[in-house]
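**Student:** My questions will all concern the structure given below.
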Amino acid sequence: MMGQNQTSISDFLLLGLPIQPEQQNLCYALFLAMYLTTLLGNLLIIVLIRLDSHLHTPVYLFLSNLSFSDLCFSSVTMPKLLQNMQNQDPSIPYADCLTQMYFFLYFSDLESFLLVAMAYDRYVAICFPMHYTAICFLLHYTAIMSPMLCLSVVALSWVLTTFHAMLHTLLMARLCFCADNVIPHFFCDMSALLKLACSDTRVNEWVIFIMGGLILVIPFLLILGSYARIVSSILKVPSSKGICKAFSTCGSHLSVVSLFYGTVIGLYLCPSANSSTLKDTVMAMMYTVVTPMLTPFIYSLRNRDMKGALERVICKRKNPFLL
């Protein structure tokens, strides 16, 4: 399909971030530090969950996949951004641009599905604590959040995102791009590419609206529904300590959900007529750079289970014979 594309350009030019030349080195160091923090933090989560058997539970299965998704999501855009800032070469080949767009959609969709799975896991843990305890510690196959169900949810998320990202990529590949090849963004954003196309983009726009509702809005509503049930269940708890514990358990997930869905829905599904390039860039930075970096801190590095796992792994390294 890409071979039939009638584009007359071989590459695009990414304008990058609106940064003054004298601020270039400082911003480069800042974004490099943020990217390395994202990589190391999410890798630490994945390794700890893999090595510590106490973390082989539904919530940490979803969290390890979310950390891997965040790691890859950030890696889709950040290396090219850092390279352009360092080399002052904003060009990106046409095929590479479509490839970047594909993986950007892939991992953003995957994050959306995994956030829903984690919300449902919190719902089961709080509203059905006896079932959840049996699942987590006795490994019984129950009708609620069984290990097979958890693995199926993760596998289905990976498969569905593949088809959705491929659909948008193939639709983009059929468009014609003429003289204008300047993308006012720091990555190959789908909406920015559509504005450069010199052929009819109505099919693309309808697919974005319809599939966006399925991939973003419906999962967001499912998350809100799960937390509505959670709040209703929490308010029935007579103990103030239990209420505080339940809210602290859900608060971290809700903060990431608000940051991710708020910016994505506002940027792609509810764009304003007077939306500026700077505003769109800042919003994109929030969910492509900031959210993946904050995930380890919000979810795990302040989590008692993760701290315990880190201590056990360190102790095993010091004393291999320690059980």
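Including glycine, each Cβ sits where the backbone N, Cα and C put it.
According to Swiss-Prot, the protein carries these features:
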- 1-25: topological domain 'Extracellular' (TOPO_DOM)
- Asn5: N-linked glycosylation site (CARBOHYD)
- 26-49: transmembrane segment (TRANSMEM)
- 50-57: topological domain 'Cytoplasmic' (TOPO_DOM)
- 58-79: transmembrane segment (TRANSMEM)
- 80-100: topological domain 'Extracellular' (TOPO_DOM)
- Cys97-Cys198: disulfide bond (DISULFID)
- 101-120: transmembrane segment (TRANSMEM)
- 121-148: topological domain 'Cytoplasmic' (TOPO_DOM)
- 149-167: transmembrane segment (TRANSMEM)
- 168-205: topological domain 'Extracellular' (TOPO_DOM)
- 206-228: transmembrane segment (TRANSMEM)
- 229-245: topological domain 'Cytoplasmic' (TOPO_DOM)
- 246-269: transmembrane segment (TRANSMEM)
- 270-281: topological domain 'Extracellular' (TOPO_DOM)
- Asn274: N-linked glycosylation site (CARBOHYD)
- 282-301: transmembrane segment (TRANSMEM)
- 302-323: topological domain 'Cytoplasmic' (TOPO_DOM)
**Student:** Mind looking up the mean pLDDT for the topological domain 'Extracellular' (1-25) in the predicted model?
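**Tutor:** Residues in the topological domain 'Extracellular' (1-25) carry a mean pLDDT of 73 in this prediction.
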**Student:** These are the disulfide-bonded residues: Cys97, Cys198. Which one scores highest on other Cβ atoms within 10 Å?
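**Tutor:** Checking each of Cys97, Cys198, the winner is Cys97.
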**Student:** Test the contact criterion for the transmembrane segment (58-79) and the transmembrane segment (282-301): 3 or more CB pairs under 8 Å, pairs 6 or more apart in sequence, then answer yes or no.
**Tutor:** yes
**Student:** Can you work out whether the transmembrane segment (26-49) touches the transmembrane segment (282-301), with the criterion being 3+ CB pairs under 8 Å where the paired residues are 6 or more apart along the chain?
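**Tutor:** With 3 or more qualifying Cβ pairs, these stretches touch.
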**Student:** By DSSP, how many residues in the topological domain 'Extracellular' (80-100) are helix, how many strand, and how many coil?
**Tutor:** 15 helix, 3 strand, 3 coil
**Student:** Which bits of the chain, at least 6 residues beyond where the topological domain 'Extracellular' (80-100) starts or stops, bring a Cβ under 8 A of a Cβ in it?
**Tutor:** 2, 7, 9-17, 19, 24, 27-28, 31-32, 35, 169, 172-173, 177, 183, 186-188, 193
**Student:** For Cys198 (disulfide bond), what is the secondary structure state per DSSP, taken as helix, strand or coil?
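**Tutor:** Assignment for Cys198 (disulfide bond) reads coil.
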